[in-house]
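Reading through the structure tokens given below for one structure.
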Amino acid sequence: MTTAPTPSIFEPARLGPLTLRNRIVKAATFEGVMPRGAVSDDLINFHAEVARGGAAMTTVAYCAVSPGGRVHRDTLVMDERALPGLRRLTDAVHAEGALAAAQIGHAGLVANTLSNKTKTLAPSTRLSPPAMGLVKGATLAELDGVVSDFERTARVAVDAGFDAIEVHLGHNYLLSSFMSPNLNKRHDRYGGSVAKRAEYPRRVIEAVRVAAGSSVAVTAKFNMSDGVPKGLWLDQSLPIAQILEADGHLDAMQLTGGSSLLNGMYFFRGEVPLAEFVASQPKLVGYGLKFYGPKIFPTYPFEEGFFLPFARQFRQALRMPLILLGGINRVDTIEHALDEGFEFVAMARALLRDPQLVNKFQAESVDQGLCIHCNKCMPTIYTGTRCVVRDALVVREAPRLGQ
């Protein structure tokens, strides 16, 4: 019996109907440059720069399927009004030889009810910190409406020229919360057993697949673990992933974990930029963060490729293409992932630190990125997501450039 050779990082690879120029994609990271949800030149330039830097595909982060599905008021709602700007974005990415993906979702319990001025949707009645009060479980009619929103949004993404659509099934946003035994206490067709808790995400994915057609890839960002007590863990997430695979509507699954609602550091790892978070918030919120921040943001030591131990179990159980995510900063990590059977890797912070990193990997001028996992990029989502270390170097170099 012969073993198939490990694919090269820089050979073209298939993702559903698409051919990607290499095995590295830019993971969705909220860009923070969409004032009142508008497509801006900064957003377009952000993704064009990533594409120019060599990534095979760049993902526009968190496009809400409705105003109520926004994380806050500066979240893009992907509807017909956004089409002209989104077409400019996909054209800019394509001009650099890369493909463009749109991450679409509904924030659910993570939504900011006050700025959205809409009702928060959740699987079940519970207290919600972002809503600052009790949130009632969504009705069947409301959930039907969200399915229609996903379907419409997928059509807009296709019209805008996106090559792939990533459905957000992670971090305890709406679809992820339906999978979670901690958040889903329903007693109807969408709650109870593992199979029933998978039913609503299945319905949404099918609607997106039908709307997207056969020439656009459909993927899911999927929670392997919520990282919280009584939440979703591998004993239940693996069977759900197998159900989604059997449905046949997904071209790939990007594996993640954690909860934006209850445990945000789980999918970052490394240093907690608490002082920077406090400074980025209004005074009252900042005071609260100062005292309760250590509980809200527990510390997890950073390890290169930190989701690999969990993801390895998914690789063994599934046949569909898988995208490895989580602290990938080195060439040898990527090679190891491909050797273990992952079709692609997704990078985020490393490309914030150096958008040219993929080109440098290919030229063999470096074998690892410069990200130090200080996570000080996290609080910049309110003013334009960026690497503050990179910013400081640019400022420091400016006088030399003027000499």
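Using the three backbone atoms N, Cα and C, a Cβ is placed for every residue, glycine included.
Straight from Swiss-Prot, the features:
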type	residues	note
ACT_SITE	Tyr173	active site, proton donor
BINDING	Gln103, Ala348, Arg349	FMN binding site
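Features as recorded by Swiss-Prot, highlighted on the structure.
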residue : record                    : contacts (Cβ under 8 Å, 6+ apart)
Gln103  : FMN binding site          : Ala28, Thr59, Val60, Ala61, Tyr62, Cys63, Glu166, His168, Lys221
Tyr173  : active site, proton donor : Gly105, His106, Ala107, Gly108, Leu109, Val110, Ser260
Ala348  : FMN binding site          : Lys26, Ala27, Ala28, Thr29, Leu325
Arg349  : FMN binding site          : Thr29, Gly327, Asn329, Cys371, His373, Asn375, Cys377, Cys387
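Maximum C-alpha to C-alpha distance over the listed FMN-binding residues Gln103, Ala348, Arg349 is 17 Å.
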